[in-house]
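For reference, Swiss-Prot has these:
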TRANSMEM  1-21  transmembrane segment
TRANSMEM  34-54  transmembrane segment
TRANSMEM  63-85  transmembrane segment
TRANSMEM  89-111  transmembrane segment
TRANSMEM  128-148  transmembrane segment
TRANSMEM  156-176  transmembrane segment
Amino acid sequence: PIAGSMVLAAILLKLGGYGIIRMMQVLPTTKTEMFLPFLVLALWGAILANLTCLQQTDLKSLIAYSSISHMGLVVAAIIIQTPWGLSGAMALMVAHGFTSSSLFCLANTTYERTHTRILILTRGFHNILPMATTWWLLANLLNIATPPSMNFTGELLIMSALFNWCPTTIILLGLSMLITASYSLHMFLSTQMGPTALSNQTAPMHSREHLLITLHLIPLMLISMKPELVI
């Protein structure tokens with residue numbers, strides 16, 4: 001069910017990140033070197049989740065693995081226990097909560113019309129539902145973390161904190177962000193561009209669907225203008 005996916009991606013997954021932040025306050029801040037294996041594991045996990053996204057044919061699975069890869073960055077930022085790392089983790093959790101939930105919502109609008117989640121069978125929607133294509137483009141740009149979005153602020157803070165702590169992490173971070181951009185563009189092009197595979201008539205997007213996406217993206221854009229509300 002779509003509601004379950006949206007709540008899981010937007011709230012429950014981020015509650016895990018919040019739990020890690022609370023737990024880290026109990027542990028010593030002076031010996032962050034002991035957390036190095038966990039940090040490498042978190043970043044490597046993010047890269048593996050991104051690579052899994054690239055080979056997905058199921059739209060919903062792709063978005064779910066995308067959430068996991070972003071949480072890998074969040075965990076890595078929390079582990080080093082610096083103010084910038086924690087601020088970046090909070091910013092990315094809030095921003096990606098809105099983004100992944102809106103992507104799940106868009107995936108459901110596509111599924112309701114095509115009755116399939118296979119990427120190659122949902123193509124050609126830019127001719128049929130141009131407004132939905134606009135929403136897909138905005139959501140994917142936010143997923144890539146294009147400036148001046150909150151996603152970009154969060155990832156920039158995380159990158160700065162990790163690079164300051166250990167310059168070698170920039171290789172893993174850079175690779176992760178490159179693959180994120182690749183699968184996001186792949187998802188957009190696969191679902192929206194090319195000739196349509198549909199033979200029957202497609203129902204237009206309902207006002208409630210437009211409202212649902214708007215209520216995800218507008219608050220995120222407003223928070224992006226005033227990030228001190230979160231970080």
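Yeah, the Cβs are placed from backbone N, Cα and C, and that goes for glycine too.
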Most Cβ pairs under 8 Å with the transmembrane segment (156-176), selected from 34-54, 63-85, 89-111, 128-148 = 63-85
For the transmembrane segment (128-148): best-contacting stretch of 1-21, 34-54, 63-85, 89-111, by Cβ pairs under 8 Å = 89-111
Report, as numbers and ranges, every residue of the chain located at least six residues beyond the transmembrane segment (89-111) whose Cβ falls under 8 Å of a Cβ in that stretch; write 'none' if there are none.
-> 2, 5-6, 9-11, 13-14, 17-18, 21, 59-60, 63, 66-67, 70, 73-74, 77-78, 117, 122, 125, 132, 135-136, 139-140, 142-143, 149-151, 153-155, 157-158, 191, 205, 209, 212-213, 216-217, 219-220, 223-224, 227, 230-231
